[in-house]
Amino acid sequence: MSIITDVYAREVLDSRGNPTLEVEVYTESGAFGRGMVPSGASTGEHEAVELRDGDKSRYGGLGTQKAVDNVNNVIAEAIIGYDVRDQQAIDRAMIALDGTPNKGKLGANAILGVSIAVARAAADYLEVPLYSYLGGFNTKVLPTPMMNIINGGSHSDAPIAFQEFMILPVGAPTFKEALRYGAEIFHALKKILKSRGLETAVGDEGGFAPRFEGTEDGVETIIAAIEAAGYVPGKDVFIGFDCASSEFYDKERKVYDYTKFEGEGAAVRTSAEQIDYLEELVNKYPIITIEDGMDENDWDGWKALTERLGKKVQLVGDDFFVTNTDYLARGIKEGAANSILIKVNQIGTLTETFEAIEMAKEAGYTAVVSHRSGETEDSTIADIAVATNAGQIKTGSLSRTDRIAKYNQLLRIEDQLGEVAQYKGLQAFYNLKK
């Protein structure tokens, strides 16, 4: 009854209006699961391959019909007949079927769509919530959200190099209250921007993309919004960055070239100067987390940054680790970063995603479950965050339904868990000396 009888993929659109995959899995019992695949704008060079058609006459070359065909004509044939509850066996079968180290043959987008749909179908078959199916009886931790309320870098047209300015409502007693803190700060920020005559249009992840005078102007405006909403910076709410440094790192000159986004006259920093600058910001403002503060291939820089700031700030590897246990294992061994960003489409299966989270926790690294800038209404990452007790989630600002869908799912989960639910807040940063 739990045997897979049909697998079907179709091309749909993501939050940027670009094609992506939606996959459906059916079982003998009638149980059903659907998975949709996100897509990134700033991507690590070591990420699993997102298969695109390359036909410029259709969606500007971004079509996903090849990946759709791979699901319908290759993967489906391989996994029909499997028990839908055997997630690892199905994921391993798809990895073997692809046969490449980066899923470049079938496409990580094709494989991931199936992986998510299989998990959802299994949960449907067992008549349990997805988070409960994936995590078991010990599932209880609601994640502290990193809310990206200012978008810069590759996520907007704002002249700021750093890609994300985030607020983290660590002082809230519950996830529901944390979400309220964030929403109130978001609206307070909008009022401040309007009063300054700055733009209130939003970027890919729902945050504002105003033309600030620079990074510090952005941070100080966020602090003003936190205070205007009635909260205390550095107590109720902290600040975080996603620098996405690989987006403005000049490999030939080996410098961090802020002029790429901030224009003529902006800073050009060596690796050592980049670390000095980040430390200066940490000492000046209530910053608790920095993602991709160094380029993905600047291992010496990462190690130096971790040695300098790793005990008081969460240093998250995104492009640096690409949700890959090989890169994470090296980082752990060499003392680079102290946290990993978890993006399911960077690696391509739920099995490998869970392995990365487990490896991080065993090493004392935190794991931050994350969306992508090109999202869908699929809320699987909310369930993954709770299922793994990851403790942190990054899923955008307090606008755009593609972001709010994840927050609303977390509200439902918190309700369902009832008294068992725990919101860790500041305790989610267990690797810091607070």
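One is the number of the first residue shown, and numbering goes on along the chain from there.
Positions of Cβ are set from backbone N, Cα and C atoms, glycine also.
Listed in Swiss-Prot:
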type	residues	note
BINDING	Q163, K343, R372, S373, K394	(2R)-2-phosphoglycerate binding site
ACT_SITE	E205	active site, proton donor
BINDING	D242, E291, D318	Mg(2+) binding site
ACT_SITE	K343	active site, proton acceptor
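The structure, with features from Swiss-Prot marked on it.
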residue: D242; record: Mg(2+) binding site; contacts (Cβ under 8 Å, 6+ apart): N148, F162, Q163, E164, M166, E291, D292, V316, D318
residue: K343; record: (2R)-2-phosphoglycerate binding site; contacts (Cβ under 8 Å, 6+ apart): P38, G40, D318, V322, T323, S370, H371, R372
residue: K394; record: (2R)-2-phosphoglycerate binding site; contacts (Cβ under 8 Å, 6+ apart): P145, M146, N148, M166, L341, V368, V369, S370, H371
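Distance from the CA of S373 ((2R)-2-phosphoglycerate binding site) to the CA of the residue listed as 'active site, proton donor' is 6 Å. Surrounding the centroid of the Cβ atoms of D242, E291, D318, where the record places Mg(2+), the chain contributes additional residues within 8 Å, namely Q163, E164, F241, C243, A244, I290, D292, V316, D319, L341, K394.
According to DSSP, K394 ((2R)-2-phosphoglycerate binding site) is assigned to a strand segment.
The Cβ neighbour count for Q163 ((2R)-2-phosphoglycerate binding site), using a 10 Å radius and every protein chain shown, is 31. Its own atom aside, the Cβ of S373 ((2R)-2-phosphoglycerate binding site) has 25 Cβ atoms within 10 angstroms in the protein chains shown.
Secondary structure at E291 (Mg(2+) binding site), as computed by DSSP, is strand.
Of all the Cβ atoms in the protein chains shown, 30 others lie within 10 Å of the Cβ of D318 (Mg(2+) binding site). Highest local Cβ density among the recorded positions E205, E291 belongs to E205, counted as other Cβ atoms within 10 Å over all protein chains shown.
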